[in-house]
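Pulled from TrEMBL, these are the features on record:
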type	residues	note
TRANSMEM	B:6-30	transmembrane segment
TRANSMEM	B:37-58	transmembrane segment
TRANSMEM	B:70-91	transmembrane segment
TRANSMEM	B:103-124	transmembrane segment
TRANSMEM	B:130-151	transmembrane segment
TRANSMEM	B:172-190	transmembrane segment
Amino acid sequence: MAENLTHKENFFKGIIKDNPVFVMLLGMCPTLGVTSSAFNGLGMGVATLFVLLMSNIVVSLIKSQIPSKVRIPAFIIIIASFVTIVEMVLEAYIPFLFEQLGIFIPLIVVNCLILGRAEAFASKNNLLSSIVDALGMGIGFTIALTALGAVREILGSGSLFDFRFVSEDANTLLLFILPPGAFIALAYLSVLFNKISKTN
Amino acid sequence: MEYILILIAAVFVNNIVLSQFLGICPFLGVSSKVSTSVGMSGAVLFVMTIATTVTYLLHEYVLVPAGLNYLRTITFILVIAALVQMVEIILKKVSPPLYQALGVFLPLITTNCAVLGVAILALGLENSSLIKAVFFAISNSLGFALALIVFASIREQLELANIPEGMKGVPINLLVAGLLSLAFLGFTALV
């Protein structure tokens, strides 16, 4: 199926038609867990995008060398290596984000989105299409996380990317930065997303 | 007393699914029937306990003394993947009825972030010891089981409900999970 797509279609399918969060429901743990602010969502999205891109590149390059019986463990090692790189880089250069994302950074390893793309796409397609696929999926994931983070931050803390619209002591809907708010905000965002993607 | 606190905290206050957001994939994926959710919970209990035991020992006696802390993520995920395979093979030989009940869920557990998450969280416990880590894993898997089974029971009822077109499927499930999480928020002051 993928061979018939142009690169443009391949890129945009990750953002709209097969959006990893709203349509395929992949990577739900970080989606819900770190999106208490738009910045955290963006940070997680970019970290995942990097791991996804690198693992898709490596898997696509060495796909003919990996015996099919051990391909899943092999993919996991490739992914885990890049996650370790992300972990070390974040800890060294952006300690603030490292602290905020906490346990969800090592858990990028078990983000089903990344293993799913390695297995379903990169192990069957050439390098260029794999890169385009990773960029599309990664950007779709980042957009979804940033949007969810933005909605929760606006409703829950009355700010966006730490820019406040209301005074410090204003009553905001605290619920939205608490765990239940994540589920509820995502529920309504996916209703909205379904509506938009169907009318297109 | 300390152990009772760990248990209550893990099951109610910091429920692994509803307030820590670990293991959401199986939570949404295998919760359409109560019977499958019981099977999944059993498999998670089994794997999470064994995985935490092994990873804890590995971390204490191999990674830390050798100064290889940065290899934690890679080692843990490999150990969990290998363990799941091994458990599957052993169960098939030793206890076919248990394998029948849990077998289909085992491959799904490798990518269940709750297992890796608990293995990592167990390292950060205060005055951690092996017994405490194992107890922590058991408590968390009970918390997982509670959330999953309650959610599955609600979803069985939802099938009969009249739901607006746009809310069908994923959104209504997320909304139910949100309300459930809201209910669990009420336990916050317990510990």
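Here the Cβ of each residue, glycine as well, is placed from N, Cα and C on the backbone.
Outside the transmembrane segment (B:70-91) by six or more residues, the chain places 46-47, 50-51, 54-55, 58-59, 63, 98-99, 102-103, 106-107, 109-110, 115-116, 119-120 with a CB less than 8 A from a CB of the stretch. Only residues 6 or more beyond the boundaries of the transmembrane segment (B:6-30), in the same chain, are considered here, and those with a CB under 8 A from a CB of the stretch are 36-37, 40, 44, 105, 108-109, 111-115, 117-118, 132, 135-136, 139-140, 142-144, 146-148, 151, 170, 173-174, 177, 180-181, 184-185, 187-188, 190-191.
Nonlocal intrachain contacts for the transmembrane segment (B:37-58), taken as residues 6+ away from its ends with a CB within less than 8 angstroms of a stretch CB, comprise 23, 26, 30-31, 75-76, 79-80, 83-84, 87, 101-102, 104-106, 108-109, 112, 114-115, 118-119, 122-123, 128, 130, 133-134, 136-138, 140-142, 144-145, 148-149, 151-152.
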